[in-house]
Each structure stands twice: as C-alpha cells, then as structure tokens.
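Colleague: Pulled from Swiss-Prot, these are the listed features:
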type	residues	note
BINDING	108, 109, 110, 111, 112, 113, 114	ATP binding site
C-alpha cells in the first residue's frame, strides 16, 4: 500500500489511531486526526473535514457503520478502513525470511484474549518473536498492531480481532485463524445477529494453513463449513467432548487430536497431554474451567497448524498463567467450618462469558456480583440457566433493571441485594459487604458481572482491582485469624 502524498482521516485518536497516524506520517502521508476530546487533534468535528481531498478514512470501533461521517465517506467512494486493514496492507518483510510475518487471528464473543496470549506464549517458547497485538488492551503504542506489522523483527503476529475491527477489514488472508464462539453481543452496533456473525467470519476468508472453530457452536461450525480458504487449508474443530475425525478434544482424560494437525492422519487418535497437567486451568479441587480448556485447545490447534514444535508448545501451554481478571482467586477468608473464596472474573463483560464462569462452580455455592452497563442485553436465559449455581446475587451498576427483572421472572426465590449506584467510589466495597452477609464456608463470591464496566469504573481492570481490594479488606476484617 502506497500512502505517500495521500490524505488519511484518522477518526479517533486512541492508542491505535495515534499509532497509525505516526506510521502513516513516517511513510509520507498527510494525516488529519479528528477527535473532539483530544487537544492534539487536527480537527474537533467531522463537519470541518474537506472531503474533496480525502483518500482514505480509518474508523475507530467507537463509530458504528451508520455514523454520518462514515456514510458520507462511502457516498463519495472513499475507502473506510480499520486499523487492522491498514496494518495488513502496510506490513513489511521479516528481516530473516524476506517475507511478511505470518498472522494468526483470533476472534469470538469470548475467549479471544486468553487464546491469543496462549498462542503467543507457545510460539515464543518455540524461539519465535511472536507478540500479541490488535484488540488486546495495551497503552504501549510500540506494540500497537500498525507498529507490529511494520516491525521487520517480528516472526509471527498473534492478533486478537474484534467484530468492530473486522467490519471495516476486507483483504485479510491470515495464516491461521480461529473463532472461539459466537453469542449475541454488540448487535446494536452491527445492526443485527447475521451482520455480527458475518463480520466475525472474515477471519476465515482466504486463510492459508488452518482455521480452528468451535465444533460445539452451531453458528461457528456453519461459518467454518462455508469458509472459502486457500487450497490445502486445514479445518480443525475443537470440542470439550471426545473428538470426531477433523477435531481436537478431550477423551478419557487426555487431549486427543483426530484432525491431523498434531501429525497423525485425519481420524487417527493422537494423545497429546493428560488434562491433569493443566492445573492452571482448574479449581483448587482439580475441577476444570471449561472455557479456559476450550481456549487452550484452540491455541494449541493454531500453533500446530502453523507448524510449531509439538512438545515445546505443550510444555509452554502447561505452564501458562491466565491474565488478570479472568476467573482469578484474589482473596480467601477463613470462616467457621472452612473458607470463603473471592474470584475476580471482571473480564466477563457479557452474558455468554458470565455463563461460562458461573458454570465452573458447584450448585448453590456462588454469591454473584452482577450488573453494570447492560448495552441493551437481557439476562433471563442466563439467570434461568444458572439458577442452580447461584445462592444469592448482589446487583451493581447504573443500568440495574435488566438484571433485576431477570431474577424476578426466572429465579424469584434467589435472594437479591441491590447496591445504590450513586457513589462510584464505594460501590465495590458495599457490594462485597453485601456478599459477606450471604457467604458461608465453601461459598464462592464471584464477580463476573455480564456487563460492561464504564458506567462506574474506568475499565474492567479497574473494576477487578477494586473488587480484589474490597475482598482482601473483608477477609482481613471478618476472617478468622
């Protein structure tokens, strides 16, 4: 892609927009940054853009496809692209191979980040410079996707891709790609369920070596079956059950591959590792977190699909530690008869992720902190499905009504405490105190809110950090010493 002397409008000067602006300027482009909140922006309003002289637009995920400036650019025939599309078209040759570094792309409603991190860790253990990039939150502009794509030292890029980014991306031809799952999320942004799925499916288009899909998700399986990939590209389904031919899964306590990606013939069972080796994906009693096991299977299939050394990759995967705010025990209070454990899963920002989190625990053992910015979601199905696990619920957030209504209609016998949303600074302290009134030995206080965090917190990480602090304080005050 030649951008010298081209005029590019950057819509939104967050980390990715600012980084891309720098990359484009270094290549001789004339960049116009538009952001009403950033003093360094060239313009504060799209009304001030001289569209007659614009060649390209980079749109931030904050702007949906029906935003007026997007429609105006498209009306004029100006390409509207994501940072991902720009990065793909600007990528440079690796200094050792003389060709662009392979990209492994991971998308899905949930599980993207853990899968991307596992993939990177295994490839790094194999001696490759394989950073994570893309939708993974980072304030480091040197590791933005546009910077990584134009760095000749990287051997592989492990790219987390959101549906927002994929909407304005059209030319990707990934080396390996995965869709972890698809559930209703961001439907208002995309304009419906089918549009959302169609944007997710772009990771499979023209993939070269392997596409990895959730064989237990009917929609993802459909997208994989329909995917138009390069000749010879392997399609690998992952399952938490015994795998069929073409799949990788769990059989008799072992990770077993029947897809051929681990070196055997398609349909031939190849035992890779005992599931008991993955203690980091399990409860203290050894019971596995199903969604983290699914992420591990996905990542393993991706790196083997790229041709990584199997034994080295498996060794790295068995020592992988999930990142913060993902089903992480942050405090434990000794009480009469046992203990109460506090688990932070703040990254569970939608109902699908919260369901996976809740389903990891025994019946009637969870005091659930739920709520936040619902984004138009309804929770009746979630509450009905997980009522057997929930002992009590504590509802936070400014958008509480959807969660309140779900409990009233689907689980009226479960006690619910509603936290006054007025004081953001103390909301988590009050929520944890309320949980303490329900908790007894053997219980789990689980913060997996099923909602976004921006109504009362800076981010899901801020929400998780405040929960951890409140949990530790409660444990010190109320625990037996």
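Heads up, the Cβ atoms here are built off N, Cα and C, so glycines get one too.
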Colleague: Sort residue 109 (ATP binding site) into helix, strand or coil using the DSSP assignment.
Modeller: coil
Colleague: Which chain neighbours of the ATP site, leaving out 108, 109, 110, 111, 112, 113, 114, have a Cβ atom within 8 Å of the mean position of the site's Cβ atoms?
Modeller: 106, 115, 180, 181, 295, 353
Colleague: Which of 109, 113, 114 (the binding-site residues) has the most other Cβ atoms within 10 Å?
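Modeller: Ranked by Cβ atoms within 10 Å, first place goes to 114.
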Colleague: Within 10 Å of the Cβ of residue 108 (ATP binding site), how many other Cβ atoms can you find? Include all protein chains, please.
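Modeller: Neighbour count, Cβ to Cβ under the 10 Å cut-off: 28.
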Colleague: Among all protein chains shown, how many Cβ atoms are found within 10 Å of the Cβ of residue 112 (ATP binding site), not counting that one?
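Modeller: A count of 25.
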Colleague: CB neighbours of residue 110 (ATP binding site) within 10 A?
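Modeller: A 10 Å sphere around the Cβ of residue 110 (ATP binding site) contains 26 other Cβ atoms.
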